[in-house]
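Q: Quick one: structure below, then a few questions.
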Amino acid sequence: MSGGPMGGRPGGRGAPAVQQNIPSTLLQDHENQRLFEMLGRKCLTLATAVVQLYLALPPGAEHWTKEHCGAVCFVKDNPQKSYFIRLYGLQAGRLLWEQELYSQLVYSTPTPFFHTFAGDDCQAGLNFADEDEAQAFRALVQEKIQKRNQRQSGDRRQLPPPPTPANEERRGGLPPLPLHPGGDQGGPPVGPLSLGLATVDIQNPDITSSRYRGLPAPGPSPADKKRSGKKKISKADIGAPSGFKHVSHVGWDPQNGFDVNNLDPDLRSLFSRAGISEAQLTDAETSKLIYDFIEDQGGLEAVRQEMRRQEPLPPPPPPSRGGNQLPRPPIVGGNKGRSGPLPPVPLGIAPPPPTPRGPPPPGRGGPPPPPPPATGRSGPLPPPPPGAGGPPMPPPPPPPPPPPSSGNGPAPPPLPPALVPAGGLAPGGGRGALLDQIRQGIQLNKTPGAPESSALQPPPQSSEGLVGALMHVMQKRSRAIHSSDEGEDQAGDEDEDDEWDD
């Protein structure tokens, strides 16, 4: 039960082990105890960690926005008979955000400390303060998803096979002729006995098997004669083709979904930007939904036009796509020396370069083409961003001059200025800094608000294209799966080794 002792202990004799709340190693005992009291009646946290919550909000769905900072719990909700990822605020003392675990949820780990998945409304990202807690959280969530998928696939395999045709018609047929014609009446007939059928002796000696052999073969029936009398179609009757139109093949099969090994490059780019995984492409129902969406939008040609239209936005591979991903917020320096920005919202695109001390506002306000020459590979240390983020603000008009002046160092990075440590973080490790953010509470939520809102304004046309529309379709699909699986989960979603407490 919530609020119980931390850790686990075995139950009484003959009873299964009683599950207990799992605390966070970064929180103090009284903070963990307060967190357990917020879980609710008969709710257990199977994994607890200190995180920042990032969301890719629907208007653009291309940029991460920091929403909350607190303790995330993987909750086993016995009254609802389901699992939830819930974020609690220790300062506010309440639930800040939650996402129910549905069957087709894909829990991805672009980095060991930043995990992403598709929520009911948008893409969500968890930035963990401790990688050990992140690893334990990921292992538990993926284990539950795998068990649920295996159980559903097992139910599909247990469906009864299609009924086979009955052999009633054969029972009324004649048995095969005896091997020895004209045999003795007392002789054992070979053919009928081999089939287990009752035999009747023929009393008329004139009727023998030789008479049956001499019968002529039956001639064609009148119906066959009528069919043979029909006029055959010759080549002269076949007209020339008309209305020919070349239609590109999308590579979708109703049974197996999309062929992920032979996908068109433009389709692969579209799916990657929309955050669609290979498991969703090979799922029959999900791939059918994606295929119908592509056909409604104009087929493969429309996808190619959309990709060509967005082609100039991302720069060449060296800058690692800094052009269309500049407003991404940086991450807090980890306890294991990690540095760099958050991964992009669309899964599959290479993560952006580390956070340098270049001028974030010019890179954000200007058009996407200017940032490409920037390498963005310098300044990987977390301390420089908060201190040097202010000076470069005056020179937004001349972004080109900085690159030639000092090579790779002051190059304007394609990263957002909304730095999380701006609220007074210590430059020392991310563990203490993130804990300070949690204890400060709501004040930190306001720091990225104004810059991030302005960052979402520049790319309206690209975000509302096929990529944004497809992401909305997949979000509706996840909500539909969530609602349809709710009844099934309540009916029989108990794991083999996990029983719900009533």
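Using the three backbone atoms N, Cα and C, a Cβ is placed for every residue, glycine included.
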Q: Which one of Ser209, Ser228, Ser462, Ser483 shows up in Swiss-Prot with the note phosphoserine?
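A: That would be Ser483, per the phosphoserine annotation in Swiss-Prot.
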Q: Considering the residues Tyr83, Tyr102, Tyr291, which is the one that Swiss-Prot annotates as phosphotyrosine?
A: Tyr291
Q: Can you tell which of Ser378, Ser453, Ser484 Swiss-Prot marks as phosphoserine?
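A: Annotated as phosphoserine in Swiss-Prot: Ser484.
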Q: Including all protein chains displayed, how many Cβ atoms other than that of Tyr291 (phosphotyrosine) lie within 10 Å of its Cβ?
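A: The answer is 18.
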Q: Where does the mean pLDDT land for the domain 'WH2' (430-447)?
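A: The answer is 60, the mean pLDDT of the model over that range.
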